[in-house]
Every structure is written in structure tokens, then in C-alpha cells.
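As given in Swiss-Prot:
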{"type": "REGION", "residues": "1-329", "note": "region 'Kae1'"}
{"type": "BINDING", "residues": "H112, H116, Y133, D290", "note": "Fe cation binding site"}
{"type": "BINDING", "residues": "Y133, V134, S135, G136, G137, D165, G178, E182, N262", "note": "L-threonylcarbamoyladenylate binding site"}
{"type": "DOMAIN", "residues": "344-545", "note": "domain 'Protein kinase'"}
{"type": "BINDING", "residues": "I350, G351, K352, G353, A354, E355, A356, D357, I358, K371", "note": "ATP binding site"}
{"type": "ACT_SITE", "residues": "D463", "note": "active site, proton acceptor"}
Amino acid sequence: MDTSKDLICIGFEGTAEKTGVGIITSNGEVLFNKTIIYTPPVQGIHPREAADHHAETFVKLLKEALTVVPIEKIDLVSFSLGPGLGPSLRVTATTARALSLSINKPIIGVNHCISHVEIGKLKTDALDPLTLYVSGGNTQVLAYTGKKYRVIGETLDIAIGNCLDQFARHCNMPHPGGVYVEKYAKNGNKFIKLPYTVKGMDISLSGLLTAAMKKYDSKERIEDVCYSLQENSFSMLTEITERALAHTNKAEVMLVGGVAANNRLKEMLDIMCIEQNVDFYVPEREFCGDNGAMIAWLGILQYLNGKRMDLNDTKPISNYRSDMVEVNWISENEFNNENIKSRIIPEHLIGKGAEADISKGIYLEFESITKERVKKGYRILELDELIRLRRTVKEARFLASIKELGIYAPSIFDIDKENKKITMSYIHGKIAKEKIEEGNLNFCEDLGKIIGKMHSGGIVHNDLTTSNFIVSDNTFVIDFGLGKYSDLVEDKAIDLIVLKKSIMSIHYDKFDSVWNKIIEGYKTYEMFESVLECMKEVEKRARYL
């Protein structure tokens, strides 16, 4: 094929209940893009019924598409290889193979999740965004680092779209339920307290869903339950995006996926980005949900940069992780120019995290820092006050508690509950993140020993990242706002998973060396074998579908 000319690719999307066919050129012009959604008659999506829908609908859409772009003009066939429902993926792959063989054109299978990111970049001004991808089957925070799109954060159980749809079905709303939840939420005026579960840059939604169902069953107004469900879940999503932003130091945030159509979620993220002084992007609604154009576009990007597939390589991968894809279409040179920005920290602060502003000062005669958990404009007042106060008190308590376990921590000088401030001793040193970037890994085994001591004492940090250790003559642990007491092996396993993913996201080139040293140190904890085994089980449950 002559790749010097403008190529035309047809894309087939069929990972769940939406059937999409799109045609796009290599200069980004969308020639055709149409999606038809399967609406189940009663309950949720049955995989076989969704697959039957694809088999019928692909034929109709293909006929319509080829009236716009003649079949002889198609240069490339692309399809969603995964992740998704097995039966749906198989029908999609079969359709793409059949067309590829009949017109004798190359075929490319692409990652569904990354397709959302790349079509979003095409349709906005985003260059290097941190992406929140939210849909019926996926909830991920993605960032490009080191030739891959890394999963920085995600749901530990169900996806946000699934959460909203399950709640809607419980309340006898039509499918897709998220639209109706949003509609009812607009008329809600009472905030009902529901579980709020953030663990580092991950969230859990199953407990929230169960609690919301119980509130509905207890005769709370449906408008108020929908309002509270949205405020809670979307605040959690916005928070983990903000945490990932602080961790990766990106200067752009992009929202993609079917749930990106929700106006309240867009509003929350927009407010957060303004507060963090970064740019926010959302593609047009047509390109937020599943569609064929995004599949075709990623197919073109991969093909033009050397990707080739044999028919034997086109077997669907239902658990196709974003970070399994080698990104061959982004040049590292693109990230060495003035177009790629980093998040800017205000001059009067020495640090600005996802939760707090950090300033340096003097307390009596001692060097100190003040950590102020600032108001979050994206959260409603009732929820924001509750979270900020609870985490301020919790952090002070745990900083004192870990000292009893022989772990170094800053000394607390003052707690201002009203303004959600903690003043503590200033630690001279560097955060672990900086030490690792310099290539100094000598302290990493100590991190594992420290975590083992915490777990031995029944303390789970819940936000272990390389930004929450300060290395000087000794290693100090900070930022216990999400901490809790727990003897559950799974809680300790998730603690390590949070740290593992934070290391992988920005220290990917040193991951093996860093992680092996940490685990070597963690083996000083008597229950290390049980925790490490549990880690494997939890990682298998991670949602990529």
C-alpha cells in the first residue's frame, strides 16, 4: 500500500452493547460515523444477545457506510480487539476479517480504551493529557509515559457506568440508566451520606451502589438518592484524577467515554482543572461514547507507524489492558519541545498536592510546614467539609501512632480543625520520587521494611506513592489522610498495589529494581507471604472490561 497518499480506514466497534462503524482519513477527516445501541428488553446486557445485535447491525451499518465511501476506496480495515465481552468481540473480529479478505486490504486490531484517548486528542487541542476514561465497563485514569499508556488509577470493582446502570435498573429506569440518574439528580435537594472510598488513585464503587439501593428501598426520594449517588461517585472520580495529576505533573486533563456525556461530571472536572491551573478537554459527544471512527483512527496511527497484523493475530483479547499496547505512533521527540507543559505550582507554596497546599514557615523557633486542606469547588459543601475535617484529624492521629511503631514521621505542632490545617516539623530531605529519578535506590529496601512495620501494627496507609516518603538521614512517612486501622490481608495487599502502580506510572524504567528492593524489605513482615499472594488475587480482579 502507498502510505504517502491519504489513506482511508474503516473501523468496526463492538465491545459491548454498541455497534459502530466509522470511516476516517489519515488526515483526520471523519467521512462516516454511526453507532446503534442495543437496548435490552428487561434487565442488563446479555452477552449473547448483544452479539446477535452486532451480527445484524454491522450489515446494516456497513451498507450505509459504503454508500458514502465506495468500497474500492477503503485502504485499511480496523476493529476493536478488546477489552470487552467475548461474544461481542468475536462477532466484531469476524466482520472485520470478512471485509479484509473480500477486498484484499490489511487488517489491524486495536485497543478499545486507547482508541478513546486518541480520538479525543484528534478532536481537541490536547497534546499529552492525563485521561479519565469512564464508561459502562471501564473506569481508568490513563497517562502516556515510556512508550505506553499506563493505568494510573482505576476502579477496584465495578465501572462507573455499570454502577449507574445497575442502580437505575434497581429503580426500574430504562437502559442506559445513567441518563435517567442525571435527570433525577437535577431535582435533588438533600444530600444523603453514602460510602466514599478512595484508595490512592483507585476507587471502589460496589459499596456505594449497595448503599444507594438501600436508601432508595427505604423510601428516600429518588431525586435525592440520584443526586447523592452522582455527587459521591463523581467527586471520587474527580479526586483520583486530581491525585494522578499531582503524581504525574501533567498540564492537561481529558475526559472520554460514554459517561463523559454527563454535564455534572464535566463541570466537576472543569472546576478542578481551574483550581489546579491546568487545561481541560472533552471531545464532542459523538466521539465520547463508543464509535467506529475512533477504532479506524487508531488503526491508521498504528499502520502508518509500522504495525502489521496477520489474520492469525486477530483473535480478540477480552482483558486487553491499555498498558499491554506498545505505542509506536508517538515519537519521544514530541515530548521534548515547548508545546508539552507541566503543571505549575504557585510561587508562594513549596508544594500543591491533590488535597492540600503546602507552605513553609517558622513555628516558634522551629522550621515548619503548614498543610492546608483547601476547599474543593467541585465538591458540594456538605461532602467537602466532612472529607476535609475527617482527613485532617486522621492524618494527625496516624502521624503520632506510627512513631510508636518505630517509624519516623514529622512532629505535629498545631492542628486547626476549623481551617483544616496541620502545622508540623519541616524535614530536610528529598521525596522518594526525586531520589529514584536521580538513580539512587539504596533506600528502597527501607521503604519495604517501613510498610511491613505499619502493617504489623494494623495500619494501612491507603495512599502509598513515592511522593509520600521523605528520605534524609532516615526515611519519613507522610500524608495519612486516607489511612485506616485494619488487620485484613486484602487491605494490606491493596496498599502495596497502590504503591506498585504509582512506581510503574512514573518510574517504569526502574520499576523492577525499585519494586524488588521494596519487596525484599517487606519480607521482614511475618505475614508477607499471605499479603503477596492476596495481591495476585486482587490484581486478577482489576476491571479492564
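Note that the numbers count up from 1, one per residue, in the order the chain is shown.
Backbone N, Cα and C define each Cβ position, glycine as well.
Of the residues the record lists as binding L-threonylcarbamoyladenylate, namely Y133, V134, S135, G136, G137, D165, G178, E182, N262, the two whose Cα atoms sit farthest apart are 18 Å from each other. There are 26 other CB atoms within 10 A of the CB of G178 (L-threonylcarbamoyladenylate binding site), with all protein chains counted.
On a Cα basis, the residue listed as 'active site, proton acceptor' lies 12 Å away from A354 (ATP binding site). Note: the CA-CA distance between Y133 (Fe cation binding site) and the residue listed as 'active site, proton acceptor' rounds to 21 Å. In sequence order, T15, C113, S115, S135, N138, V256, G257, M294 are the same-chain residues whose CB sits within 8 A of the CB centroid of H112, H116, Y133, D290, the residues recorded for Fe cation being left out. Summary for the binding-site residues A354, I358: the Cβ-based neighbour count within 10 Å is maximal at A354. Sequence-distant contacts of H116 (Fe cation binding site), defined by Cβ-Cβ distance under 8 angstroms and a gap of at least six in the same chain, are T131, Y133, S135, V256, G257, M294. Per-residue confidence over the domain 'Protein kinase' (344-545) averages 95 (mean pLDDT, predicted model).
All chains included, 23 other C-beta atoms sit within 10 angstroms of the C-beta of N262 (L-threonylcarbamoyladenylate binding site). Taking the C-alpha positions, the distance from H112 (Fe cation binding site) to G137 (L-threonylcarbamoyladenylate binding site) comes to 11 Å.
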